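A.B. asks: The structure under discussion is supplied below as structure tokens; questions concerning it will follow.
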Amino acid sequence: MVEDDAAGSGDRLEGEKELDLKVLASEDTDGHVEDGEVEMAVSASEAPSLAEGLPVEAEQPRKWKWAVIFLCFYGFMSSIKPGEPFITPYLLSSEKNFTRKEVTNEITPVLTYSYMVVLVPAFLLTDLLRYKPVLIIQGISQVVIWLILLLGTTLFEMQMMEFFYGITMACRVAYSSYIFSLVSPVLYQRVAGYSRTSVLLGVFTSSVLGQLCMSLGNVSFYTLNAISLGFVSFGLLLALCLPWPKRSLFFNQMRNQERKELAALEATKSELDKMKPKESEASSAAPPCSSSRWKDSIFVQMLLEVRNVTRRPNLRLWSLWWVFNSTGYYLVLFYVHILWNKVYPATENKDVYNGGVEAASTLLSAITSFMAGYVKIRWNVWSELVIGIITALQAGLLLLMGTTDNIWVCYTAYVLFRGFYQFLVPIATFQIASSLTKELCALVFGINTFLGTILKSIISLIFSDKRGLALDVHSQFLVYFIYFTILTVVYFVCAAVVIFRHYRNQPREGGGAKDQATPTELSPVAVNSEAEPLSNGKSAKA
């Protein structure tokens, strides 16, 4: 079982993700991934708007710098769970003695269902309660997870462990967005890099530490999980010490706006109004009703504007990629540890290399994500083809994983599979976020994540759950291979249509080499740029 990409690291090493409405996707070790990559991508879009002006922290550099350092330290420490890559081997070992069928068809599917149910409430509570309480809930959930792993013995208790894992994954959005409440908009890109790096470094350190304990220290699964309990308990203490931000994306922004309007109304009152309050009340216009204010709020306007995303080909393509490809990606992460155990049923703790493989895949994911920032391509022409090629490679790797009897081939295919996905994550993030306001971007990423979670739940219910087909893990990977193959065919067909139309229309448009769009690379969007107007004529600053 693993914690994600997004990325990345930690829903059990990576993902998720991932409404992550906000999320986005850190690393899940042992099949339970959270794409930190995804979450960080979304979080950047969730940051408060420039219309709020520079926060007080911008005027007090030392204060916000120490707050950012502490939050990054929290992100690093909360990602260290050395027992995470070894949860599946632990459940299948003589210490817990669950069967592979129970783990595959009754325990693991609960994670997907729990994440889907908790995702939207976690998004709303994160904004309403201003981050810190949700991080505390996440810390409590992680402590409960490892207490159950240490003390639980029944199938129901392991299902509850997966339920709390879903809560942990859903709450990661709070960390992803928290850091943007500490600094001014001009610093968003920099602090996002700090935050993301701290999580990836934590996941990498966690995986290496777990593997060293297993291979060199000859530590038992039980002891390793006890060590993990100590780390997550320390992470909970750090969450309790976090400062409480005064603002957030939607709800608290609206409250602040109402206060400003009331203050402005009070300032316009004349001295005569103040001397004759009754007459003033009678002559003043009735305040707008709460329902009217709600309809005019930024939150509702953003929801109405989301429908326009489907009318933009580029946004539609990358949003669909986010929904469909991330679904397959996380299903692989959730079940790959069970596959490894079947391909190579280790009889001793030292024969399990899950931690080392997760460390290698996390490192490769970070490298490919970094490389994606330097790719120069005319994405309006070649997006479908690039996605199709990478999806085809992933399909081939899934077929290899599902049919090989060599555990090292299986390990290598998994590392490459994750690296290919992580290469496209920053590209998709840029393509979606570059033309949207931060508020709208948060909703788009969140909706994409939520739809992907629903699709994961449907696939799990049909193929993995004991109430469905209850396929064994090898059969499930063949299903994932077919799933990615179908996506590949669709992407290649779309690529052929787009490329054909592009070159067919070039002569009509005076298409010479000079008139063609120049290749673009991933670069930060100006934080002070004007946002696109909303469909009702209103606008919001990015």
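Every residue, even glycine, has its Cβ placed from backbone N, Cα and C.
Note that this is a predicted model, so its numbers are computed, not measured.
Sharing the feature lines straight out of TrEMBL:
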- 1-21: region 'Disordered' (REGION)
- 11-21: compositional bias 'Basic and acidic residues' (COMPBIAS)
- 66-87: transmembrane segment (TRANSMEM)
- 107-126: transmembrane segment (TRANSMEM)
- 133-151: transmembrane segment (TRANSMEM)
- 163-187: transmembrane segment (TRANSMEM)
- 199-221: transmembrane segment (TRANSMEM)
- 227-245: transmembrane segment (TRANSMEM)
- 272-291: region 'Disordered' (REGION)
- 272-281: compositional bias 'Basic and acidic residues' (COMPBIAS)
- 282-291: compositional bias 'Low complexity' (COMPBIAS)
- 317-340: transmembrane segment (TRANSMEM)
- 352-374: transmembrane segment (TRANSMEM)
- 381-400: transmembrane segment (TRANSMEM)
- 406-428: transmembrane segment (TRANSMEM)
- 440-463: transmembrane segment (TRANSMEM)
- 478-500: transmembrane segment (TRANSMEM)
- 507-542: region 'Disordered' (REGION)
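So that I understand the layout, could you describe where these features sit and how close they are to other parts?
C.D. replies: Beyond the transmembrane segment (66-87), the same-chain residues lying 6 or more positions past its ends with a Cβ under 8 Å from any Cβ of the stretch are 1-3, 9-10, 12-13, 26, 29-30, 32, 57, 135, 138-139, 142, 146, 149, 175, 178-179, 182-183, 191, 194-195, 197-199, 201-203, 205-207, 209-211, 213-214, 221, 224-225, 227-228, 231-232, 234-235, 238-239, 241-243, 337, 352, 354-355, 357-358.
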A.B. asks: At an 8 Å Cβ cut-off, counting only pairs 6 or more apart in sequence, do the transmembrane segment (440-463) and the transmembrane segment (107-126) clear the bar of 3 or more pairs?
C.D. replies: yes
A.B. asks: With Cβ distances under 8 Å as the criterion, find the stretch in 107-126, 133-151, 227-245, 381-400 that has the most pairs with the transmembrane segment (163-187).
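C.D. replies: By the under-8 Å Cβ criterion, the transmembrane segment (163-187) pairs most with 107-126.
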